[in-house]
Amino acid sequence: MFLGLFSSKSRNLFVRGLHFAKQSTRPSAEDIIFSAVCVNIRQKKWKFLDQLSSSLTNSLLSRVFLEFQSSPQLLLEVYRRIGGQKAILDSLESCCIVVHAMVDQRNYDEAVCLMKELMMSKGYLSLEVLEALINSLSVCSPSNAVFDALIRACTQTGATEGAYGVIKKLRMENYWVSIHAWNNFLNHLLKIGEVRRFWMVYREMISYEYYENVNTFNLLIYAFCEECKLSEAISVFYRMLKRGIVPNVIGFNMLINGACSADDLDLAVKLLEKMGAMSGGIVSPNAVTYNCLINGYCKKGKLEIAKRILAKMIEMDVKPNIRTYATLIDGYLRNGYLEEAFRLCNNMVESGLIPNAVIYNSFVHWLYVEGDIGGVALLLSDMMLKYITPDRFTHSIIAKGLCRNGHVNEAIKFHSWLVEKNLMEDAFLHNILINYLCRINNTSGAKQLLCSMFVRGLIPDQVTYGTMINGYCKAGEMETAAKVYTDMVKVGKNPNLVIFNSLLDGLCKEESIDCSRFLVDGMKRINMYDAVTYNTLLDGYCRAGMIKEAFELFTSMRKAGFLDLAPDFITYTTLVTSLSNKGSSEEVVKLHDYLVLQGVIPDSQTYEAIVSPIIKDLAHEFE
DNA sequence: GTAGGGTTAG
């Protein structure tokens, strides 16, 4: 039986990796163990393997895996049984034999899963796995699909550079990178919000003379939608048609969702209606299509229309799914219709669907917003009773809910509990806690929390740094804020507009007008500024009593109105407050009239507190 | 491979 192992297919591996060169005609000790192991595996007598597994050598393992290459289920079972043993850890190439076997069986999910384990639990680098895959190619049937699977394993574990490294290396070694692999990587870039890099990689791919397939085109549509470039997205669609590529419902859904998020619901509806015509009768709307529209209308508060779409959906024989209900329920909740939301949830249950964590999360969130702590407690215990596992959203919602209802300490305790139970936590949750700690002037607590993130291997994101910076700015600790800013830049995180605005606000509050101006000039140079920037600086001028400068800035905002910098009700409040403190009622009234003519509407609070009394005063004077 | 729920600025 050993002779079979010397087929041309296997020889390569033996020559390279195994100590088979003893040239002995008598079977070695390893041979004897090998055949015993194989017999026991065939008979599924695991006890023998279990006893032996800690002493299996690399070469023996490779031989065993090769032996069972053509019985992938058995192979997988063997691998799983000895997976925790050190031998497996040392023997990346034998693991790759299993991966190849899975790919040969078209069991890609298992292959991806195995490689994720190699990288996540066993700590191999993507390029090490790649090398081992290439080395074992000669003993396994060559299939490029293993590379696709490796790239998928990388993107699924968030190893962006790992995935890109594999693509680069494959190209260098003259292996073919499939369009699927490129698409997978491009899709990953979009998922993590790297739209700029998406376009770079796309251009790179095109420069190697690849042809886009329908999935690539869909990704282009998605990317343009992310950038709110709807007309470009639609033109991609037509470019695809011209190439003779048959569109699918996914591309349409991306367009429709894009239109919804760009607030163009009319276009979204038009696309839904024209789907058939635009695709030559091939594509018709599915549940996702309707869900996108329902979501669009729910977010706009147009619940009646959302409900009509649900009815239409049923009429067209498209079955509403859990997401349909989740979207509608959230829509009702965010518009204050708690009763309706509960009723809808009941309908859903009656139709045979079981509420999931998303639905519970919506309820919990909005009940917290209403301050209904008792209701939340009931819902959470109901969730536990039904064995619905809370996810990281649930945790964040609870933390934020506790904080917003004034129980910051409870939220911190809740967080400690999560840590203790080793439950999911993420930067998001920390951002909430850091924010609320800062709000109650506990910047040192916030800092501790930030440090604890590093200890537990959680990477603070832009928002974490932004929240810390804002906290220090609000506390008037501008130097510390600046230090956090430098730390952030040091770890390669780019500051964003929110962070600049926070810093600016801090400078304005301490009336460092020169610094503020300097910062704003810098922001303008890199084209990172918005209405908040102007309003903040305006507030700074007013605080410093620089009314002339304030008005000049106000005028320039009017001029720049086309750039989304038109004065808004915050501008209004800032100026009006400042002017009324300085006692010049007539200016206030003039400004008020002007802004109202410009379509700026004061919020009622401002109006009641400031404008209304002044107008009354003036009215008295004229009596 | 598209759809739902949670952070940040005046």
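Including glycine, each Cβ sits where the backbone N, Cα and C put it.
According to TrEMBL, the protein has these features:
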REPEAT    A:213-247  repeat 'PPR'
REPEAT    A:286-320  repeat 'PPR'
REPEAT    A:321-355  repeat 'PPR'
REPEAT    A:391-425  repeat 'PPR'
REPEAT    A:426-460  repeat 'PPR'
REPEAT    A:461-495  repeat 'PPR'
REPEAT    A:530-564  repeat 'PPR'
REPEAT    A:568-602  repeat 'PPR'
- Using a Cβ cut-off of under 8 Å, list the residues of the same chain at least 6 residues beyond the repeat 'PPR' (A:213-247) that approach it. 179-180, 182-183, 186-187, 190, 195, 198-199, 202, 254-255, 257-259, 261-262, 264, 267, 278-279, 282-283
- Average pLDDT across the repeat 'PPR' (A:286-320)? 94
- Message: Under 8 Å between C-beta atoms and at least six residues away from its ends: which parts of the chain pack against the repeat 'PPR' (A:286-320)?
- Response: 249, 252-253, 256-257, 259-261, 263, 265, 268-269, 272, 275, 327-328, 330-332, 334-335, 337, 340, 351
